[in-house]
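Asks: Below: one structure in structure tokens.
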Amino acid sequence: MPNASSWSASSPLLLLWEDSSGTRIFLSLLYAVLAISGTLSNVMVIYLVFSFKKLQTTSNAFIVNGCAADLSVCALWMPQEAVLGLLPPNSSSLRSAEYRLLRGGLLGLGLTVSLASHLLVAFNRYVLITKLPSVYQALYQRRHTGCMIGLSWALALLLVPLLPGLWTPGSGQQPPPRQMDGSSRYTALLLALAVLGQTALLLHCYLGIVRRVRGSAKRVSVLNFHLLHQLPFPAAPPPPRRAQRRLSSVSVLLLCCVFLLGTQPLVWVSLLGFFLRPAPPALQAASWLLLCSLSALNPLLYTWRSEEFRRAARSVLPRGEGPAAA
């Protein structure tokens with residue numbers, strides 16, 4: 001039975017090394033549910049954006065980029081974790097360095113691009129709501145948007161090989177145990193600092209949106225995060241300004257709370273392990289699981305308040321209106 005240090009040093013991404021077979025089965029079922037729901041929701045958002053021209057906005061381009069990255073986690077990595085959780089801990093599949101390299105690469109690529117897409121969406125909405133339309137149009141031309149999306153993938157492809165201690169622990173040549181532990185600790189510190197910086201920028205953007213909405217009632221209608229002239233249907237009668245400002249602010253704050261809940265446990269577990277002592281294996285597993293579960297929740301976070309997405313979804317689901325009517 002591996003202890004806490006060997007568990008975290010040998011395979012911090014393999015969250016299913018548990019003593020109890022019941023625990024492994026439960027975690028496997030949880031991964032299976034997240035994989036199915038996350039794959040369906042991400043594919044649905046991508047399909048709607050590509051099928052409905054009115055949904056093809058700059059903000060939705062960044063959302064689709066995040067959905068494509070989340071598919072790397074939900075459709076490719078989570079099913080493997082669900083299957084591996086049912087195997088015994090001494091299985092040869094778990095010890096294969098090449099297989100750990102593949103799984104770690106899928107997870108690292110997906111999470112890095114997904115976190116970058118969160119920031120791109122937040123900054124896009126911040127500029128849309130708080131800056132002049134001319135500034136937004138100059139910054140988010142089609143070519144510039146494509147470069148931003150390409151840079152998010154280039155950054156991920158650059159970071160995944162540079163952080164073997166995080167994404168692919170135990171692969172390649174095995175260093176001495178103390179050296180491996182130190183490398184993993186410094187890698188976890190870099191991850192924590194990167195996520196903290198990204199979170200600070202994201203909160204700055206969304207809190208700036210909330211402040212702007214509270215101070216400017218006449219621009220509150222853009223908190224649906226889409227340009228009004230691109231709406232494919234007449235806008236519904238607006239609710240009272242005070243109620244609409246409160247509802248829009250709650251939506252933004254709810255998105256921020258869900259994001260913080262998914263990312264901050266891993267950050268503080270990593271900082272705790274670097275400065276004080278390694279966290280218990282169960283706490284490490286829970287923090288990674290929360291971060292990975294964001295890949296299944298992201299499509300809902302960015303579309304549940306959009307009437308455009310709801311109408312488009314109803315048109316393609318059974319008993320919908322039909323594409324022509326939509």
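Glycine is treated like the rest: Cβ placed from N, Cα and C.
Remember, TrEMBL labels are computer predictions, not curated facts.
Pasting the feature list from TrEMBL:
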type: DOMAIN; residues: 41-302; note: domain 'G-protein coupled receptors family 1 profile'
type: TRANSMEM; residues: 25-50; note: transmembrane segment
type: TRANSMEM; residues: 62-80; note: transmembrane segment
type: TRANSMEM; residues: 100-123; note: transmembrane segment
type: TRANSMEM; residues: 144-167; note: transmembrane segment
type: TRANSMEM; residues: 187-209; note: transmembrane segment
type: TRANSMEM; residues: 250-276; note: transmembrane segment
type: TRANSMEM; residues: 282-304; note: transmembrane segment
Asks: Among 25-50, 100-123, 282-304, point out the range having the most Cβ pairs under 8 angstroms from the transmembrane segment (250-276).
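Replies: Highest pair count goes to 282-304.
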Asks: Using Cβ atoms and a strict cutoff of less than 8 Å, what residues sit near the transmembrane segment (187-209) while being 6 or more residues removed from its termini?
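Replies: Beyond its ends, the transmembrane segment (187-209) has Cβ neighbours at 115-116, 118-119, 122-123, 125-126, 129-130, 163, 165-166, 223, 252-253, 255-256, 259-260, 263-264, 266-268, 270-271, 273-274.
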Asks: For the transmembrane segment (282-304), which recorded stretch in the set 25-50, 62-80, 100-123 gives the largest number of Cβ pairs separated by under 8 Å?
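Replies: Highest pair count goes to 25-50.
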Asks: So what pLDDT does the domain 'G-protein coupled receptors family 1 profile' (41-302) average out to?
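Replies: Taking every residue in the domain 'G-protein coupled receptors family 1 profile' (41-302) and averaging pLDDT yields 77.
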